[in-house]
Amino acid sequence: MRKQRMQVAVGVVRNAAGQILIALRAPTLHQGGLWEFPGGKLEVGETADQALRRELKEELDITVQSATPLISICHQYPEREVQLLVFEVSGFSGLARGNEGQPVRWVEPEDLAAYTFPAANRPIIAAVQLPPYYAILEAENGAGLRVHWQKIIASGATLVQIRAKGLPRAVVAAFLDELNVSGQGRGITVLVNSSLGLAEHPLVQGIHLTSQDLRALKQRPKNVRWLAASCHNADELRYAQAIGADFAVLAPVLPTLTHPDADALGWGAFSEWVAGVNLPVYALGGMALTSLTMARQAGAQGIASIRAFLV
């Protein structure tokens, strides 16, 4: 017999300093004694937005002024199936407090891993920590890497994959050394493409798997802070989730200059496939910086691009 799905509206509440509000669940509740992002189940006839506003007023005594969808998660617990409809609350009035006696705490996004959350919250933490833009660094030579890096940093992007598949490993390694010594990589989360074999470099904080390397993996590599994956269909997205990837890139959403003959997914398929996984997913292919709103409406974490950050 199929378990009935319970829908829950969840708020990732940010204050002006960028900190996230978390609350401790009472020991008597389901998943009691764990930290959570505040929220509660939808009442009959209630929308997720309405439930969010009601729950945060009841639980925290704050009035939501601005909330946008962040991620949707379906999770099977032994005793129930839960769908979390997660919103990022960037505007609110009132002084947040535990209105029901629950302990609450403002936490830096990067410190969330130090707290024990329900299993379903892992993708939420990733989504909270990831920015809306994912820049992909490509170039024909070492000089090109430097020029494109400067343009990417000037754009404000803070998450960068060094792809550079066509360059010798030594050239990319020397570029990473240069960034590390000069301090130009400070404040930037740097991932390297799995084809480069440079995951051990001290500047590198993660690996971006090619779709081929993704399919070859049986489990998540150890000691990797960020694990991303390139996906081109729903099966690859599901496999990325299964091995424990932190996020994925799905492409091509729209026609691209680099692959003009490739069949574009379109926003409809993108939205459908993303809804089928509990994973932050970036849209890649034909993206501009102005594509972010459309991508978010389709359920994306944000957009990824090679060219959009070089303008």
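Placement of Cβ uses the backbone N, Cα and C atoms for every residue, glycine included.
For reference, TrEMBL has these:
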- R25, H30, E36, F37, P38, G39, N121: 8-oxo-dGTP binding site (BINDING)
- G39, E59: Mg(2+) binding site (BINDING)
- 3-132: domain 'Nudix hydrolase' (DOMAIN)
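Location within the structure of each feature annotated in TrEMBL.
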residue	record	DSSP class
R25	8-oxo-dGTP binding site	coil
H30	8-oxo-dGTP binding site	coil
E36	8-oxo-dGTP binding site	strand
E59	Mg(2+) binding site	helix
N121	8-oxo-dGTP binding site	helix
Largest inter-residue Cα distance among R25, H30, E36, F37, P38, G39, N121 [record-listed 8-oxo-dGTP binders, Å]: 14
CB contacts for H30 (8-oxo-dGTP binding site) [other CB atoms within 10 A, all chains]: 12
Length of the line joining the Cα atoms of G39 (8-oxo-dGTP binding site) and E59 (Mg(2+) binding site), in Å: 8
The domain 'Nudix hydrolase' (3-132) - residue tally per DSSP class, helix then strand then coil: 30 helix, 51 strand, 49 coil
Alpha-carbon distance [E59 (Mg(2+) binding site); N121 (8-oxo-dGTP binding site)] in Å: 19
Cβ atoms near R25 (8-oxo-dGTP binding site) (within 10 Å, other residues, all chains): 18
Pairwise CA distance, E59 (Mg(2+) binding site) versus E36 (8-oxo-dGTP binding site), rounded so that it is a whole Å: 12
C-beta crowding around E59 (Mg(2+) binding site), within 10 angstroms: 20
CB-centroid shell, 8 A cutoff, 8-oxo-dGTP site R25, H30, E36, F37, P38, G39, N121, site residues removed: V8, V10, A23, Q31, L34, W35, F117, P118
Residue among binding-site residues E36, F37, P38, G39 with least C-beta crowding, 10 angstrom cut-off: E36
Neighbouring C-beta atoms (10 Å sphere around the C-beta of N121 (8-oxo-dGTP binding site)): 24
